[in-house]
Amino acid sequence: MTLQEKVCEFQARLRREEASRCLQLQRLQQSHEQGPQEKTNVIHTLQEELHTALPNGVRAVQRLGEPQEQHQQHSNRLIQEGEQLIAALRTQVGELEEKLLDQNQEVERLRSELGATDLEKHLELLVVENERLKQELKACKTSLLQEPPPPACTTTDCPHSQDAEALREAVSRWESQARPRQKRLAELEQQVLEKASRVETLSRQLEESKRHAGEMQRQLEESKCQQGEVEQQLSVRLRDCEEELARQATRPHQVKYVTEIVEVESSDSQQAVAEAQAKSVALQEQLSLQRQLLRELETQLHDSQRTSTQLRAQILVYEGEMERAQGQLEAEMQNLEEEKNRVIEEAFIRAESEMKAVHENLAGVRMNLLTLQPALRTLTCDYNCLKRQVQDFPFMLEKAITEAKQEICQVIGEVSSANQELLRKYKREMNLRKKCHNELVRIKGNIRVFCRVRPVCRGEHDSAENMVSFDPDDDALLYLSNKVKLMTFELDKVFHPQATQEEVFQEVQSLVTSCIDGFNVCIFAYGQTGSGKTYTMEGVAKDPGINQRALRLLFSEVTEKAPDWDFKITVSMVEIYNETLRNLLGDIQGEKLDIKMNPDGSGQLYVPGLTEFTVQSPEDINRVFELGHMNRATACTNLNEHSSRSHALLIITVAGVNSSTGHRTQGKLNLVDLAGSERIAKSGAEGSRLREAQCINKSLSALGDVINALRSRHSHVPFRNSRLTYLLSDSLSGDSKTLMMVQVSPLVSNMSESVCSLKFAQRVRTIELGNATRRQWENSSTSSSPTHDSVELDSPPVTPVPLPISRASSAGSTLSASSKTPTTRRRSQSQLSTDRLLGRAIPLVGDGGQDD
């Protein structure tokens, strides 16, 4: 919006505001002039009411001729009505005075606020001045358009740019000064409207009070008329009573005289005399009654006159109060008139000062307009230059796009050649990745902890409340909602309930492949019963678990290395049932084994009579697992339909020989499916199930004691407290890569068991077992054939090394479909010692050489 448009808008707004102010001021003056007249009318109305009340008093006096009780009642009622009338008149007078005072204050406030409305002449002068400025502005514009454009120059080089900026600041300052005035005008308009509504309300109330005062005055006049009539009637009756009394006073003497005459004249008329005497007595009694009544009437007359006198005195008091109020009103009106003149004079002076400031501002605007003309010409030149550049922009854009296409084609060619180089480097780095990965695993620590949350089963949907939540940004955090408390657990990896068997195995397959390189690996599943441990380790036929996937991966890796290496994979399965070690692949079902101390004095352990199968294909794996599952102990409980009642251990040994160098490696993979911890009250175990549960909980408690001892670096680790810990001592005491898969149930009913399992997992995660070593040796002149009868280490001295567990291989070293029952053989103690030394296992500390 330009300056001219703003000036026009401001002038129009001023005209409207001044017109509305003039109208409101006229209304206020009319209401102010009508105020004294209305007060005078109120005073006359009150006087009329008082005169109207007098006949009521007269009428009440006339009623004195009635019986005494009724006269007393009417007298009391008249007094009460008079008092009520007086109180009502006083109240109305007070209310009228208060309303008059409020109205005067409102009028005074409105006049003080609207005193500036007499500035119409000055506003007209301002309008004329604005019109003149418009004409000058139009003349300036026409002169600017007629002048020839100067040579092109930039805005920054213009010497009048500062003047233009100063002019803009002045315009903005004037606009900012005009805004509060406009806001003040709006507020005044709103206040005028409110005051007008207030004046109308007061006028209505004043009219109602006038009407009510007129009614009261009429009632007072009627009471005065009635009182006069009563007084006249009483006076007439009083005169009648006095005349009757005079007559009665003279009448007895005549009767006595007549009686005496009758007595003298005739003795025969005694009866008539007696009757006359009786009449005289009756007349005397009537006379006394009339006198008593007269006295009562006189008393009542005096009371009525006294009441009438009091009413007249009160009327005079009211008339004096009304005259005094009228005098105050006239004085207030004079004060208001003087205040109005003073406010108008002040507003006039203020308007003159503001008009002077406006003239000064207009002079500054003229000067600024003169200085802005060069800047306007400069801006016109700049606009023409920009217009030409915009016209040339499509051609420049098309040229830039063509150059960008050429550069992109060149970059694509360079990227293609660089891609070929990267592929070559990638093949070279693939060989180094394996070495770096093994080194990374060794640096991280030996025991890593993964957590897997099983999904909610089909029968649990109705009562299941998921208490487990995950961090979307960190797959190593797990949250448990325990009532109002949120518990956080940090592990190495957390699997969602939607995680597949393949995703879980992707995280552990690096440990499985390190078994081929000669490392000892142990993966065991831990958790409460029904949390999915057996499913994770074994799986089902359509979706196998870690056990079968590990063996298939080993077969694929062995096949890739087949040209240079010759590998032999053997499998053993054992379970710990009620603290008894049982061979799951033996000929005798439920064959019990024992863990023995090696008699050569080396302090190492071995399991005599353990059956071992050599597998060479997935079919062999399926038959081995089928046989092991048939022999494993399972049962049904309240918590799990197929609850494992024992700890199952799958032992996979991978022995490799380099056909060209004779270099040998031997690795062992222990896959452990621990039985689940359970609460007897929840599982409902009884009889043999109860004993199984007690043995399971005892062995898991012993495992917890071993973990605590390892975590605290105690000098004594209680491996012998349970056969489970005794059998896993080589995996937990060092020289092994160990991974724990903790299984968690998502149900709130299993909250306490889940918390215990996760806390145990966090303790396991802090254990440092030391770096695992690779079990390998080179063939020498002293070594025998690759049947592990004798081996050598990488460095002297050369000492026989036993295998961790005594194994019995099949007769043909291969499990065929026709022979499911292998022949077992016992390894010699020297072979066990040689294999044990290859594992470089740490002897049990603090066992004291005791045997379980």
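Cβ coordinates come from backbone N, Cα and C, glycine included.
Quick look at what TrEMBL lists:
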| type | residues | note |
| --- | --- | --- |
| BINDING | GLY527, GLN528, THR529, GLY530, SER531, GLY532, LYS533, THR534 | ATP binding site |
| COILED | 79-143 | coiled coil |
| COILED | 185-226 | coiled coil |
| COILED | 280-346 | coiled coil |
| COMPBIAS | 806-819 | compositional bias 'Low complexity' |
| DOMAIN | 446-767 | domain 'Kinesin motor' |
| REGION | 774-852 | region 'Disordered' |
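Annotated features taken from TrEMBL, shown on the structure.
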residue	record	CB count, 10 Å
GLY527	ATP binding site	28
GLN528	ATP binding site	24
THR529	ATP binding site	25
GLY530	ATP binding site	25
SER531	ATP binding site	28
GLY532	ATP binding site	21
LYS533	ATP binding site	27
THR534	ATP binding site	24
Arithmetic mean of per-residue pLDDT over the coiled coil (185-226) = 71
For GLY530 (ATP binding site), name the DSSP secondary structure in the helix/strand/coil scheme.
-> coil
